[in-house]
Amino acid sequence: MNQNLLSQYGTPVERVEKGLQALREGRGILVTDNESRENEGDLIFSAEKLSDEQMAMMIRECSGIVCLCLTDEKTEQLGLPMMVESNSSRYQTGFTVTIEAAEGVTTGVSAADRVTTVKAAIADGAKPADLHRPGHVFPLRAREGGVLEREGHTEATVDMMTLAGLNPCGVLCELTNPDGTMARLPEIVEFGQKHDMPVLTVDDIINYRIQLAKKAS
């Protein structure tokens, strides 16, 4: 990871805190993982504050596979089974079956329809009947231990929402270049500068959580 590119966002702790503040303000953040892992950056928004414009940005600027990161508890509440019984994906990404809001959508694929689906899923009293399956939103089940258990964007998203004091659910999508290739750190930082979004790493969140745990002990 090129720390020189990230240094403009401060120390690892400062990067996390800037990210938390951005989420509280309803802005997006960009989270990168290790070069030895996926070596990608995800555009992440709070699910509870998500707007149609932000969803449109994710569809336009990212891979198009917009994912809704959920806690174990929320996944169980919604009765969402995993997409496959035996997960053979390289990083054990926790995809459940895809979803669509049962009411308030047309084809389900527009930015507004996908936001409606997200809001239906994260509602406090949401129940399985509120969602149809399959759909155009891809839920991801986060590991209970967060980034301390799995160093993934799913867990990073839920951890950041929790640390920010928001509904723990968030949406993410992998940032891509105009030619369809995956954005790497230089492009991720450039995108962050253009759209006033903090850039941080999964490692930053891991270290932040470890420091918080030490202070609490």
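Keep in mind that glycine also has a Cβ here, set from the backbone N, Cα and C atoms.
Here Swiss-Prot flags Arg37, Glu38, Asp42, Arg150, Glu151, Gly152, His153, Thr154, Glu174 as D-ribulose 5-phosphate binding site. Look at Swiss-Prot and you will find Glu38, His153 tagged as Mg(2+) 2 binding site. Among the features that Swiss-Prot reports, Mg(2+) 1 binding site is placed at Glu38. Taken from Swiss-Prot, the feature site 'Essential for catalytic activity' applies to His136, Glu174, supported by sequence analysis.
Highest local Cβ density among the binding-site residues Asp42, Glu174 belongs to Asp42, counted as other Cβ atoms within 10 Å over all protein chains shown. Annotation note: His153 (D-ribulose 5-phosphate binding site) sits in a helical segment as assigned by DSSP.
When other Cβ atoms within 10 Å of the Cβ of Glu151 (D-ribulose 5-phosphate binding site) are tallied across all protein chains shown, the result is 19.
Between the alpha carbons (Cα) of His136 (site 'Essential for catalytic activity') and Glu174 (D-ribulose 5-phosphate binding site) lies a span of roughly 16 Å. Note on His153 (D-ribulose 5-phosphate binding site): other Cβ atoms within 10 Å of its Cβ, all shown chains, come to 29.
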